[in-house]
Amino acid sequence: MLIVGLGNPGERYARTRHNMGFMAVDRLLALLGKKAEKEVCSALVCETYVRSKKTVIAKPLTYMNLSGESVMALMARYSFKPSEILIVYDDIDLPCGALRYRPSGSAGTHNGMRNIIAVTGRTDIPRLRIGVGVDKSMPLADYVLSDMGADEPKLLPAIEKAAEFILEKLNAE
């Protein structure tokens, strides 16, 4: 299985709402006692086995809106089918702290997922969305690229739940 957490690389973005995918994958790696340190296909990658099954956990380094390039390259390199992938990312259309899993669908308002669908030509890639809500008093880009702030008490448990959900999914495979 290929697990891809979406986010933007660099310390500047590390604790922003738009990096929920990175944070969930980092928490998953911590639960597994692993690290994503190898650079492959424009992503930081951890290659491991869960229940004797090859598992690749990745954080694209392409910046959010170009995530499709890295995901497509990872799919090709490791020969993963769309059904063997899970994309994890933030979603402004969900209430802050909510999680939603979908086996397929549109990208909604998320440009990173939109790019993945455009590059791969597939809408049947499973995804786990982490709700970050929205603040209509500020521009959307400013909101998603801002630190968690007052939402942190809702978002940290959501990151933990997302990592646990992914781990359960890996153990069920």
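Quick reminder: no glycine exception, Cβ is built from N, Cα and C everywhere.
Per TrEMBL, active site, proton acceptor is recorded for H18. Taken from TrEMBL, the feature tRNA binding site applies to Y13, Y63, N65, N111. The site 'Discriminates between blocked and unblocked aminoacyl-tRNA' annotation in TrEMBL covers N8. What TrEMBL lists as site 'Stabilizes the basic form of H active site to accept a proton' is D90.
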Task: Inter-residue Cα distance where the pair is D90 (site 'Stabilizes the basic form of H active site to accept a proton') and Y13 (tRNA binding site), in Å - done: 13
TODO: Identify, among the recorded positions N8, N111, the residue whose Cβ has the fewest other Cβ atoms within 10 Å in this structure.
DONE: N111
TODO: Round to the nearest Å and give the CA-to-CA distance linking N65 (tRNA binding site) with H18 (active site, proton acceptor).
DONE: 11
Task: Inter-residue Cα distance where the pair is the residue listed as 'active site, proton acceptor' and D90 (site 'Stabilizes the basic form of H active site to accept a proton'), in Å - done: 6
Task: Pairwise CA distance, N111 (tRNA binding site) versus the residue listed as 'active site, proton acceptor', rounded so that it is a whole Å - done: 11
- [ ] Measuring Cα to Cα, tell me the gap between Y63 (tRNA binding site) and H18 (active site, proton acceptor) in whole angstrom.
- [x] 11
Open item on the list: Distance check, please: Cα of the residue listed as 'active site, proton acceptor' against Cα of N8 (site 'Discriminates between blocked and unblocked aminoacyl-tRNA'), rounded to an integer number of angstrom.
Closed with: 7
TODO: Ten-angstrom check, please: count other Cβ atoms within 10 Å of the Cβ of N65 (tRNA binding site), all chains counted.
DONE: 13
TODO: Provide the three-state secondary structure of D90 (site 'Stabilizes the basic form of H active site to accept a proton') computed with DSSP.
DONE: strand
TODO: Output the one of Y13, H18, Y63, D90 that, of all these recorded positions, has the highest number of other Cβ atoms within 10 Å of its Cβ.
DONE: D90
